[in-house]
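Straight from Swiss-Prot, the features:
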type   : residues : note
REPEAT : 8-47     : repeat 'WD 1'
REPEAT : 50-89    : repeat 'WD 2'
REPEAT : 140-179  : repeat 'WD 3'
REPEAT : 182-221  : repeat 'WD 4'
REPEAT : 279-318  : repeat 'WD 5'
C-alpha cells in the first residue's frame, strides 16, 4: 500500500475532508490557506486565500458548490468552491473551532472558543440571507465545544466538549436535549457513519468510542495507548480507523515508532485491532475515509496529507459472525 504524500502546507494539518463524490479532498492547516486536491492522483487544484490565522475547521456542501472554513483570525468564510473567492464572511469575537453545513445546505453551524474574556457559543446562520446575523445562538456555559456536527435531517446538533462531555442540541429552540459523559478528557473529533445512525468520537483519554446518534447511547470502545486525535468509520466494511499520537511537545525523540504515530484499524463490532499503517512523522491530526471505502486519507503534525489506497487483498478480510 504505497501512499500519495501531498505537501502543500507549511504547518501542521488541522482537518481534512472529502466531498460527497470523493473526487476532491480538502485540507486545512495552521498556515492560513485551505487547499483542495484531486483525490485520485494527489494533484493540487488550488488554495483558498484570505484567512489571517490558523484554520481550525472546514466543510464542503452536498453538491460541492460552496466551502466554509473557520479559523483563529476570529472569522468564518464562505467560499465559492470552484472559483476560490469569498462569498461571505462572519466575524466572531473569538476563534472559530468547529463548523459544518447542514444536509440541506441552507444552514451553517459554527462554534467559538472560550478565550479573551468571551464565552463559548454555538451559532447557526442561514446561507440564503447573506449571514448577517445568526438565526440561533446557543451559549455554552460549562466546557467549550471542541468537535461538532449536524444530526440526521438537520433536527439537532451533536457536540463534543473539552471535559469529555457529549451533548445533543435542538436546532429550533437551542435547548440541550441529552448530555452524556463517556470520555474523561477532551473530545478531539466526531465523525458520522454514512447513514447517520451512529458516530465515532476520538478523545485525549486514549479511546475512540461508537455512539448511537439519536440516544447518544455508548455502543463500543476502541482502546489505544496514546491520545486519539481522529477516528473515521468505513462506509463499506465494519472497520474504524483511529489516529493520534503523543502531543508534539511531549515527544522527546524523533523516532516514528517511539511516538506511536501509526493509524490503527479496529473491527467495529469486536473492538479488535486488525491492522496498522505507518508513515507520518508526528501525530495524526485528522482522518477521513473516501466515500467509496477503497481508500482513506490522513493529515498529520508533519504538514503532509497522505492518501492510502487499499490493496486488492483488503477485500478478502472477512470476519464470520
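Each residue, glycine too, has its Cβ placed from N, Cα and C.
Among 140-179, 182-221, 279-318, 279-318 has the largest number of CB pairs under 8 A with the repeat 'WD 1' (8-47). For the repeat 'WD 3' (140-179), the list of distant contacts is 97-98, 100-104, 107, 109, 111, 113-114, 119-122, 124, 185-192, 196-197, 199, 201, 203, 205, 211, 213, 215-216: same-chain residues at least six beyond its ends, Cβ to Cβ under 8 Å. Along the repeat 'WD 4' (182-221), the predicted structure has mean pLDDT 97.
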